[in-house]
Amino acid sequence: MSVSSAILNGRPVERQDMITGRRMAAVDENAAALGVPRKQLMESSGNAVAHTVRDVADPGSSVAIVAGRGNNGGDAFVAARFLEEYDVTTLLLGRAETIGTEIASENWDTLERADYDVREVRDSSQFGLPDADVVVDAMLGTGISGDLREPVATAAEAINAADTTVVAVDVPTGFDADGGDHAENRVEADRVVTFHDTKPGLEDLAAEVTVADIGIPAAAERFVGPGDISLARPDDREGRPYVIGGGPYTGAPALAAQAALRAGAELSFVAAPGTVAGEIQGYAADLVVQPYEEDVLTPERADDLLETAQEYDNPVVLGPGLGTADETLEAARQFLEGYDGRVVVDADALAVVPEVETDATLVCTPNRAELARMGGPDADDLRAVADEIESFAADLGHVVLAKGPDDVITDGERTRISRSGTLGMKVGGTGDTLAGIVATLLADTDPLEAAAAAAHVNGLAGERLADDEGHGFLASELLGEIPAVLWGESDV
Ligand SMILES: NC(=O)C1=CN([C@@H]2O[C@H](COP(=O)(O)OP(=O)(O)OC[C@H]3O[C@@H](n4cnc5c(N)ncnc54)[C@H](O)[C@@H]3O)[C@@H](O)[C@H]2O)[C@H](O)CC1
Ligand SMILES: [K+]
């Protein structure tokens, strides 16, 4: 995957030169949170479309815009305003009152008020494609779901049958921007104007593709924001994380397991030595604590827990409070060697990761000292060594969520920075709540996306508790703030 580089505060920041539709929606939301509202992006998108129309047809040419009821259509309503020297007709496939977004609706209203030639196609039998030198396909973009429904299907067929130049907005209607299967009867375009970055599969089309910058700051991709939380937010109570922890310490597994519930898990299990199981259960009746007879995790016990983990195939949290007894580290190594599911590795178990061969998908959550001990860079400001952490993660072959004032989350290819959090996050236990949140989000989200969102949620939960200087709260108090951060109204 080729990468381009933006310059972000003087440092080249690698940007993937490819972005999926779902990731684009997250980046949009992040851009809005950075102060670039969607309507402004739509204005830039529409202007970019007009540029390409000018490229393919001389002034005075006739242009037929065929628009859907989402923001893809909205882009084209904007484009109409940038094509004054063309003979533009705008067809909306549906009634104006069914336009699905405010910004598209506002742009439609502007065309009506400004007396542009606009027509509503109230049913597909009414649809007739005007003779035009250029057709702008603005029916569906990244918001498509399933095969083309009427009246879009009829319109797509008419556009493909017409002898005209077709300019597609963002992606040709019916194209799946998430790299999935395209609709059979999708629009065949001559030109595609896609926004911000190219989409997977556009390079295989016969069309000439223009990637238009629409003013989205590189920070909207680089820094974790509300869009990343939207991507990872559990839809309902799902996942049953399995915490393997406890031994010398009991608070850590209890915090991790509670955080997993607060992040939306249906149940949260803790496998712990019998000597401390009662104490862990004492922290919260909500936990399903499963005691085992040894008083630390041993290799024999690890085999037993491995079977349970494989049977239920839920995200595992390995590490909180395990301690560093040789047999415990051997047990952690053995568990990872045998497991092929998803594991958040934290605290004392991190030490074994660099030398272990595993088919498991790991999210490692080292703090600064643990990262250095694992062989990663040793630096106060992790963000300044983000590239080195990225290479370390690439060598390690797993996701690394390096915790610091700014967290660095990377899978060796994609790297995100989470700037959320406050001074107070240094209090003991915030790493345990983080591990629990990662585990729940990991249940059905891309590991990097789950880790990035979890880091952000944990930090924002702390911000909600901190006093003006950022101090003075307990990790256990973070638990109560997690749901509001994950499901609360993001203010963009
Ligand atoms: N940063 C950016 O990339 C920006 C992109 N913009 C444009 O926004 C669209 C995505 O808009 P969205 O409203 O999410 O969805 P669409 O307009 O693509 O379509 C939704 C619309 O279509 C209907 N629909 C869905 N599936 C089907 C189907 N199979 N058959 C028929 N109709 C279908 C659905 O009901 C909705 O009404 C993106 O592509 C860009 O063009 C923003 O303008 C700015 C920033
Ligand atoms: K389109």
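Just so you know, glycine gets a Cβ as well, placed from its N, Cα and C.
Those TrEMBL annotations? Automatic predictions, nothing curated.
Going by TrEMBL, these are the annotated features:
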type	residues	note
DOMAIN	24-222	domain 'YjeF N-terminal'
BINDING	71-75, 141-147, Asp170, Ala252, Gly321, Asp432	(6S)-NADPHX binding site
BINDING	Asn72, Asp137, Thr173	K(+) binding site
DOMAIN	243-489	domain 'YjeF C-terminal'
BINDING	Gly431	AMP binding site
Close-lying binding-site residues around ligand 2 among Asn72, Gly73, Asp75, Asp137, Thr173, where CB distance stays under 6 Å: Asn72, Asp137, Thr173
Candidates near ligand 1 among the binding-site residues Asp137, Gly146, Thr173, Gly431, judged by a Cβ under 6 angstroms: Gly146
Fewest-neighbour residue among binding-site residues, criterion Cβ within 10 Å, set Gly73, Gly146, Gly321, Gly431: Gly146
Candidates Ile144, Gly146, Gly321 (binding-site residues) - the one closest to Asp137 (K(+) binding site) by CA: Ile144
Protein Cβ atoms within 10 Å of Ile144 ((6S)-NADPHX binding site), excluding its own: 26
Additional residues surrounding K(+), by Cβ distance to the Asn72, Asp137, Thr173 centre under 8 Å: Val66, Gly68, Gly73, Ala138, Met139, Leu140, Gly141, Ala168, Val169, Asp170, Val171, Pro172, Gly174, Val187
From binding-site residues Asn71, Gly73, Ile144, Gly146, Gly321, the one whose Cα lies nearest Thr173 (K(+) binding site): Ile144
Rounded distance in angstrom between the Cα atoms of Asn72 (K(+) binding site) and Asp170 ((6S)-NADPHX binding site): 7
Cβ-Cβ distance under 8 Å to Asp75 ((6S)-NADPHX binding site), same chain, at least six residues away: Met42, Ser45, Gly46, Val49, Ala138, Gly141, Val169, Asp170
Cβ atoms near Asn72 (K(+) binding site) (within 10 Å, other residues, all chains): 25
Among Asp137, Asp170, the one of these binding-site residues whose Cβ has the fewest neighbouring Cβ atoms within 10 Å: Asp170
Pairwise Cα distance for Thr142 ((6S)-NADPHX binding site)/the residue listed as 'AMP binding site' [Å, integer]: 36
Under 8 Å by Cβ from Asn71 ((6S)-NADPHX binding site), same chain, sequence gap 6 or more: Arg38, Met42, Thr101, Ile103, Ala104, Gly141, Gly143
Cβ-based isolation winner (fewest other Cβ atoms within 10 Å) among the binding-site residues Thr142, Thr173: Thr142
C-alpha spacing of the residue listed as 'AMP binding site' relative to Gly73 ((6S)-NADPHX binding site), in angstrom: 45
Nearest of the binding-site residues (Ile144, Gly146, Gly321) to the residue listed as 'AMP binding site', judged by Cα-Cα distance: Gly321
